[in-house]
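To start, the structure itself, in structure tokens.
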Amino acid sequence: MERQIPMDLGLPEVVEESEVVVRELIEVITTVGSYDGFRKTQRKDCLNLVRRLKLLVPLLEEIKDQLGDPSNVSSSGSNSLVSLKKALLGAKKLLKDCNYGSKIYLAMESEAVMCRFHAVYDKLNQALDGMPYDELGVSVEVKEQVELMRMQLKRAKRRTESQDMELAMDMMVVFSKNEDWNADIAIFERLANKLELHTIADLKAETAAIRKLEKRRGGHNGTMQRILDLLGKFKQIAGIDETVSLEGPISTRTLQRCQSSLIPNEFLCPITLEIMTDPVIVATGQTYERESITKWLNSNRRTCPKTGQALDHLSLAPNFALRNLILQWCEKNNFELPKKDCYASCESYSAELMEEISSLVRDLSSSQPNARRDAVVKIRMLSKENPENRILIANNGGIPGLVQLLYYPDSKIQEHTVTALLNLSIDETNKRLIAREGAIPAIVEILQNGTDEARENSAAALFSLSMLDENKILVGNFNGIPPLVNLLQNGTTRGKKDAATALFNLSLNQANKSKAIKAGIIQPLLRLLEDKNLGMVDEALSILLLLVSHSEGRNEIGRLSVIETLVEIIRSGTPKNKECAVSVLLELGLNNSSLALAALQFGVYEPLKEITITGTNRAQRKANSLLHHMSKCEHIP
């Protein structure tokens with residue numbers, strides 16, 4: 001705890017202590033101003049806080065100048081500086097955590113971190129409120145600047161939550177205990193991009209941050225294991241074959257690297273840091289071990305791992321000159337290269353594959369129906385197998401031919417075609433190509449009239465395509481939302497899940513919220529809340545939480561029967577169910593106090609009190625806010 005300056009100190013001591021404090025304050029602001037790695041989930045708040053802290057520099061410079069005259073210094077002024085120092089050190093700690101901390105952990109605890117920001121705002125305001133500006137000789141201009149900063153802090157404190165719902169939904173999906181971690185790889189890829197954990201350097205820094213977090217928290221627990229699991233998935237996507245553990249080294253291969261530390265750096269693969277046995281050159285001119293860069297490319301990456309530049313092509317050229325140098329060095333230093341399988345068969349396979357794909361793309365336009373059918377079935381299978389195939393099919397002009405087949409008057413061909421496009425759309429670039437070729441209205445048509453499997457895969461395709469904001473707008477404009485709502489209401493179990501995922505994604509767009517509400521989405525969502533066998537309560541609540549921010553949505557959701565259902569979920573649902581239900585009820589109650597009172601009549605008070613103690617961090621905060629609002633409505637003691 002920061003000490004106050006004793007009142008019995010002599011004036012010279014007070015001046016000297018105050019000068020030290022002012023220097024320390026300026027150093028703190030300089031330090032936080034040098035941070036340049038703020039995590040994406042908190043970056044905006046961090047940059048705003050740093051900008052506001054820099055507004056204090058003129059104040060501190062004036063105070064430092066005035067300290068030259070002892071008559072301007074008092075114990076109260078010195079103690080105010082100590083209070084300001086305490087507030088600034090709290091801000092520095094928060095900003096340091098947001099600059100160097102685990103990106104995954106900060107995303108999981110985004111609301112708790114926001115509470116820390118609010119606490120820092122309060123402490124800064126309190127310290128500045130008690131500052132004796134006149135005694136310290138602060139000019140009117142600087143006082144006005146400080147007052148402006150305080151007003152900004154108060155506005156920031158009142159700022160409503162702007163949670164990234166897409167990120168929150170993805171985090172909820174991947175951390176669900178029932179989720180198959182091998183499914184929906186697109187969600188993991190989107191998370192990796194959102195959290196900026198897609199390069200080797202990013203992932204190494206995240207591993208180090210998680211190690212520090214574990215030491216600070218004093219041990220390993222379930223939360224840490226979930227963070228490690230997700231980090232491991234991100235490394236797998238990036239093509240890094242390492243076992244993630246907080247105990248000891250990251251992998252046995254790390255020990256091997258230490259033994260070979262004397263190997264010239266240019267002989268080491270930038271990905272694995274191991275000596276290369278089969279060096280190849282990529283489009284940027286950088287050299288990698290063939291096996292490592294192939295894993296990278298097969299993980300749906302089109303950038304150079306070392307430079308981050310986009311690759312103009314995916315061809316790999318053997319670096320014979322470097323290989324000869326490596327062999328000469330090994331012979332001279334009695335170093336034995338690790339044994340690797342011959343790659344000739346891989347090269348011939350790739351050539352055969354490229355020829356096969358070119359032939360299949362040509363057959364998509366064949367005049368023979370059987371040839372078309374066989375080609376689209378084969379492309380469907382190839383596009384499912386690995387990322388490289390998706391790129392090769394697109395590069396060979398497969399997407400325009402497939403889009404044309406969406407209109408072919410054969411339901412099975414349509415089914416295979418929409419599924420092939422779904423597989424191809426996993427690639428980010430292909431999402432744009434598919435939409436640009438005019439596929440979305442045809443997919444919507446199949447969603448309305450196709451076979452059950454075709455409808456399910458059409459919904460999944462619209463979900464995948466709508467990861468791009470421009471495609472969210474296109475799906476809404478081509479009337480894709482009503483048939484999705486119909487599938488949510490009348491589809492198979494898998495169809496309902498695909499429709500729910502697509503509708504959540506599309507409802508992140510404000511205009512689509514209104515379209516979904518007009519299409520009648522509320523009633524099927526409410527039925528999902530009541531049907532526990534489907535296991536879609538979380539999905540339904542997440543979509544309702546998006547729609548309740550819309551006035552039309554509140555009108556539809558704000559019925560007594562819905563309030564009663566929400567109260568029942570708050571009483572007996574899973575922790576995640578309770579969290580979402582409280583969030584929906586809070587939004588309804590803040591906009592219509594009679595709904596909050598109705599919830600009280602349905603018996604929500606005691607379950608809410610319990611959640612404030614035993615719920616998730618987010619649920620506790622929401623429950624406290626709701627109870628506070630209800631107390632103003634009903635004067636609850």
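Every residue, even glycine, has its Cβ placed from backbone N, Cα and C.
Remember, predicted model here, so these are calculated numbers, not experimental data.
Taken from TrEMBL, the feature domain 'U-box' applies to 262-336.
Averaged across the repeat 'ARM' (397-439), the predicted model reaches a pLDDT of 92. Residues or ranges marked as repeat 'ARM' in TrEMBL: 397-439 (among others).
Marked as repeat 'ARM' by TrEMBL: 438-480 (among others). Applying DSSP to the repeat 'ARM' (438-480) sorts its residues as follows: 34 helix, 0 strand, 9 coil.
The repeat 'ARM' feature in TrEMBL is assigned to 479-521 (among others).
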Other parts of the chain folded back onto the repeat 'ARM' (397-439), taken as Cβ under 8 Å at six or more residues beyond its ends: 185-186, 189, 300, 302, 357, 360-361, 364-365, 369, 372-373, 376-377, 379-380, 383-384, 387, 390-391, 445-446, 450-451, 453-454, 457-458, 460-461, 464-465, 467-468, 470-471, 474
Secondary structure content of the domain 'U-box' (262-336), with strand meaning DSSP E or B: 25 helix, 12 strand, 38 coil
